[in-house]
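The block underneath contains the structure these notes are about, expressed in structure tokens.
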Amino acid sequence: MESVLNNEKAIVVFSGGQDSTTCLFYAKKHFKEVELVTFNYGQRHDTEIEVAKQIAQDQGMKHHVLDMSLLSQLTPNALTQHDMEITNNEDGIPNTFVPARNLLFLSFAGALAYQIGAKHIITGVCETDFSGYPDCRDSFIKSMNVTLSLAMDKDCVIHTPLMWLNKAETWKLSDELEVLDYIRTKTLTCYNGIIGDGCGECPACHLRQRGLNQYLESKGAL
């Protein structure tokens with residue numbers, strides 16, 4: 001399987017965060033040619049786009065940044081509204097959820113993949129540390145894979161290497177890819193826009209740090 005993939009082209013849905021950067025290095029290992037696509041949808045911090053650009057430049061990779069600012073016009077949410085406090089809604093879904101975001105992102109990634117001749121799309125969604133986002137579920141990804149292939153009349157494969165990994169296992173994968181320190185210091189996960197270990201207070205920082213501590217404990221490095 002790996003020898004086949006090594007001769008093919010892939011595109012990574014890339015935000016500059018821990019998960020998508022792990023997917024970047026996963027893709028570099030498994031595919032002959034890799035390009036990145038980042039979506040500018042009016043994130044809380046412009047820093048996210050700049051971090052993605054910097055990592056792409058560091059790795060010498062072709063990087064597409066697409067304007068998706070219309071998302072912030074469709075629904076108020078804590079990812080795009082700077083003055084909105086991050087909370088859980090009554091149904092348990094965080095108010096950082098942007099309805100249909102991954103549906104749109106994968107559609108545009110698929111269109112770009114078609115144009116550049118890439119059969120494979122890699123995204124860092126996962127169910128294990130699932131925040132309640134319905135468009136991170138494996139069932140949605142499988143459905144989207146079929147939909148994209150039918151819509152473009154061309155085989156398309158969506159890869160989700162982190163789907164069944166918790167955060168500790170994601171750190172383990174980055175260590176196996178020999179990029180744990182790079183991901184720890186260069187990526188942006190923090191909702192408050194602080195690179196690396198982040199603010200230590202927001203839900204994203206708590207999840208990331210807890211996973212790192214669990215992994216380092218498991219290998220006796222803490």
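The backbone N, Cα and C atoms fix where each Cβ goes, glycine too.
The Cβ of L24 (ATP binding site) has 26 neighbouring Cβ atoms from other residues within 10 Å, across all protein chains displayed. The ATP binding site annotation in Swiss-Prot covers F14, S15, G16, G17, Q18, D19, S20, T21, T22, C23, L24.
Sequence annotations record features per position, and here Swiss-Prot assigns Zn(2+) binding site to C190, C199, C202, C205. In three-state terms derived from DSSP, C190 (Zn(2+) binding site) belongs to neither a helical nor a strand segment and is classed as coil. In sequence order, G198, C199, C202, A204, C205 constitute the residues six or more apart from C190 (Zn(2+) binding site) in its chain with CB-CB distances below 8 Å.
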Original post:
What other residues of the same chain, not counting C190, C199, C202, C205, have a CB atom within 8 A of the CB centroid of the Zn(2+) site?
Top reply: T189, Y191, N192, I194, G198, G200, E201, P203, A204, H206
Original post:
Once near-sequence residues are set aside, which residues in the chain of Q18 (ATP binding site), 6 or more away, have Cβ atoms under 8 Å from its Cβ?
Top reply: T170, S174, I183, T187, T189, R208
**OP:** Could you list the residues of the same chain, at least six apart in sequence, whose Cβ is under 8 A from the Cβ of T22 (ATP binding site)?
**Re:** G124, P161, L162, T170, L173, S174, L177, V179, I183
Original post:
Can you tell which of the binding-site residues (F14, G16, S20, C199, C205) has the fewest other C-beta atoms within 10 angstroms of its C-beta?
Top reply: C199
